[in-house]
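Asker: Sharing a structure, written as structure tokens. Questions coming.
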Amino acid sequence: MSQWSLSQLLSSLHEDIQQRLSVVRKTFGHPGTKGDASENVWIDMLDTYLPKRYQAAKAHVVDSLGNFSQQIDVVVFDRQYSPFIFTYENETIIPAESVYAVFEAKQTADAGLVAYAQEKVASVRRLHRTSLPIPHAGGTYPAKPLIPILGGLLTFESEWSPALGPSMDKALNANLTEGRLDIGCVAAHGHFFYDQASGAYSYTNENKPATAFLFKLIAQLQFSGTVPMIDVEAYGQWLTK
């Protein structure tokens with residue numbers, strides 16, 4: 001009688017992601033098409049394996065003051081408590097309060113891409129976010145503190161050798177403020193994350209990077225808790241303008 005193998009199941013998850021990214025790299029010649037296909041691989045993985053309270057999409061993020069982020073390759077956002085998500089001509093617009101994490105997704109990591117990803121992440125973190133007191137039977141709970149928005153980078157390969165070595169560390173440490181990248185994956189090599197306790201990046205070279213990254217992301221999202229109660233009327237004021 002055959003038996004299940006958890007090790008094989010976890011390995012298969014990574015192998016599927018790596019194989020799909022590899023096919024994209026080899027098959028599509030147009031950079032734009034290749035980029036879109038790479039984003040779709042990561043979005044599909046997150047939508048499949050993250051708890052259903054989360055959803056992933058390529059999107060812009062907007063705040064109640066009318067400010068927009070740059071276009072973000074992969075946004076992980078709340079779908080359970082978000083009162084509205086705009087979709088117009090296949091473009092998705094997500095309120096800033098609903099965002100848990102944002103990622104830049106490309107085929108290959110290099111210094112330019114890391115800096116570009118940091119600016120993309122900063123464009124989301126700079127947005128204004130509201131948080132309302134929460135009503136209950138006996139009154140109201142204080143407004144929930146805003147959760148940190150995770151920023152990250154998702155690629156198949158790296159221009160550096162070693163892929164997760166000093167060159168990547170230098171690029172990541174160039175921006176540890178609004179643009180800080182908290183977590184990322186180079187699917188052919190390993191994953192990384194920013195360790196708050198040590199104030200430094202941790203790098204892991206491994207055989208199943210996509211799976212390890214997914215588990216680490218889920219763990220970080222668990223610590224994020226739930227997004228705050230959005231002030232819908234702050235957005236509604238734009239109906240009169």
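Cβ atoms here come from the backbone N, Cα and C positions, even for glycine.
Okay, so Swiss-Prot annotates it like this:
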- R53: site 'Binds cAAA' (SITE)
- D73: active site (ACT_SITE)
- D73, E104: Mg(2+) binding site (BINDING)
- Y81: site 'Binds cAAA' (SITE)
- E104: active site (ACT_SITE)
- K106: active site (ACT_SITE)
- H136: site 'Gate loop latch' (SITE)
- Y141: site 'Gate loop latch' (SITE)
- T226: site 'Binds cAAA' (SITE)
Asker: Taking only the recorded positions R53, E104, K106, T226, which one has a CA atom nearest to the CA atom of H136 (site 'Gate loop latch')?
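Answerer: Answer for the nearest of the recorded positions: T226.
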Asker: According to DSSP, which kind of secondary structure is R53 (site 'Binds cAAA') found in, if we only use helix, strand and coil?
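Answerer: The residue in question, R53 (site 'Binds cAAA'), is coil (DSSP, three-state).
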Asker: What is the separation, in Å, between the Cα atoms of Y81 (site 'Binds cAAA') and D73 (active site)?
Answerer: 22
Asker: How many whole Å apart are the CA atoms of D73 (active site) and T226 (site 'Binds cAAA')?
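Answerer: Distance (Cα to Cα, whole Å): 22 Å.
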Asker: Going by C-alpha positions, which of the recorded positions (R53, E104, K106) is nearest Y141 (site 'Gate loop latch')?
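Answerer: Of the recorded positions R53, E104, K106, R53 has its Cα closest to that of Y141 (site 'Gate loop latch').
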Asker: T226 (site 'Binds cAAA'): which of the recorded positions R53, E104, K106 is the nearest Cα neighbour?
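Answerer: Given the candidates R53, E104, K106, the nearest one is R53.
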